[in-house]
Amino acid sequence: MADSKRYVSKTELETHKKPDDLWISIQGKIYDVTQWSHHHPGGPLPLLNLAGQDATDAFIAYHPGIAWQYLDKFFTGYYLEGYFVSDISKDYRKLAVEFSKMGLFDKKGHGTCILLTIIALLFFTCVYGVLCCDKTWVHLCCGGLMGFLWIQSGWIGHDSGHYTVMSNKNLNRLAQLLTGNCLAGISMGWWKWTHNAHHIACNSLDFDPDLQHMPFFTVSSKFFNSITSAFYGRKLNFDSLTRLLVSYQHWTFYPVMCFARINLFAQSIILLLSKRKVPNKGQEICGILVFWTWYPLLVYFLPNWYERVMFVVVSFAVTGIQHVQFCLNHFSSSVYVGPPNGNDWFEKQTDGTLNILCSSWMDWFYGGLQFQVEHHLFPRLPRCHLRTISPFVKELCKKHNLAYNCASFWKANAMTIKTLKSAALQARVLTNAVPKNLVWEAVNTHG
């Protein structure tokens, strides 16, 4: 019996990767998601990054089983010609099915409620220490507790962005706004926008915003060619000022991380004030306003300017630990240039991530992201199960001769500094051809 199916070649599928003409393939079927991209909960960017190619593994990673029933409305009637599934993808999909049968995606434990209680206690302790005690050392300790509060609220915000940490979506959204916008001053809308792009294009120099930290840091000399960011839609100019800063980045890394939160504040405000479409933008703005009301007010109640400045510095420096943690997972891993490829999803996620070795009693410190490989492969999986699935992922990597990258916290720091130093030394070679008056040139650089 003749095959009545209509087929589209891989070459033809690749032509449908524009915002106004966006097709993807899932399990050999071709879907037109052009209109849906504007309503996609994860935003249009993940769809655009995987447009014109097979996106089955990414779809499995990010969507619960119930999402499959909604695909038919986008089916074009075409099938991908010569569609095949690699052995790695087959095993990855089997593993996802097994974890689903075990109920791991639904069992979230009580960690969120416990952590929210701890965050509330930390907040009221800080407020009490500032308002009801006149000891300088108590005020400085409160600043440290505030930084620790931001770290833990960051984990809640991260988890709630990947899966529902509360009993329903409305409570999940409330947890996001409280821990992200109101308590930490970071827009969850901004975080989702950047974080989804990071997961889809893990360690792509031009598609992953988590590697685009110019003018302060570059993890590869490929940035020296002024790469165009597909995420920001602009050229990342490697000018004289950037060369100067990058030349010493292995020395400035930790000091900059102490104040990296300022950048998150700025990015959140810039996004919310822009014309870009942000889901629940009114809620986002109100949450940020709440933060910029209580935090400056709390600082104001300190007795003098010395203590006010030190309170802010200490709170920023402590939460800087979390910013260092984020960098450890990816800065020293393999990088590439170009868009993500749906056909090597598993390989790209494992190759571009680094696990941090630690005992189970230290899991609270890393927020689950010490199992970065597992998190990138199964982002919807609650963090309380990441340690459980780790042996399965490790065995799958071993079966297919793929690296399962892991290092101790201290070794990961050393690896990150080594990566930064390597790029810094290469940047210094470039500075030899630059005029001596770098300050003048930096000020007069355009573009």
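Yeah, the Cβs are placed from backbone N, Cα and C, and that goes for glycine too.
The domain 'Cytochrome b5 heme-binding' annotation in TrEMBL covers 5-80. Secondary structure by DSSP for the domain 'Cytochrome b5 heme-binding' (5-80): 30 helix, 22 strand, 24 coil.
Annotation source TrEMBL lists transmembrane segment at 111-131 (among others).
Per TrEMBL, transmembrane segment is recorded for 137-158 (among others).
Under the heading transmembrane segment, TrEMBL lists 170-191 (among others).
Cβ atoms under 8 Å from those of the transmembrane segment (251-273) belong to residues 150, 185-187, 189-190, 193-194, 216-217, 245, 281, 284-285, 288, 313, 316-317, 319-320, 323-324, 327, 416-417, 420 of the same chain, restricted to positions at least 6 beyond its ends. Positions annotated as transmembrane segment by TrEMBL: 251-273 (among others).
TrEMBL lists 285-303 (among others) with the feature transmembrane segment.
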Model confidence for the domain 'Cytochrome b5 heme-binding' (5-80), as mean pLDDT, reads 91
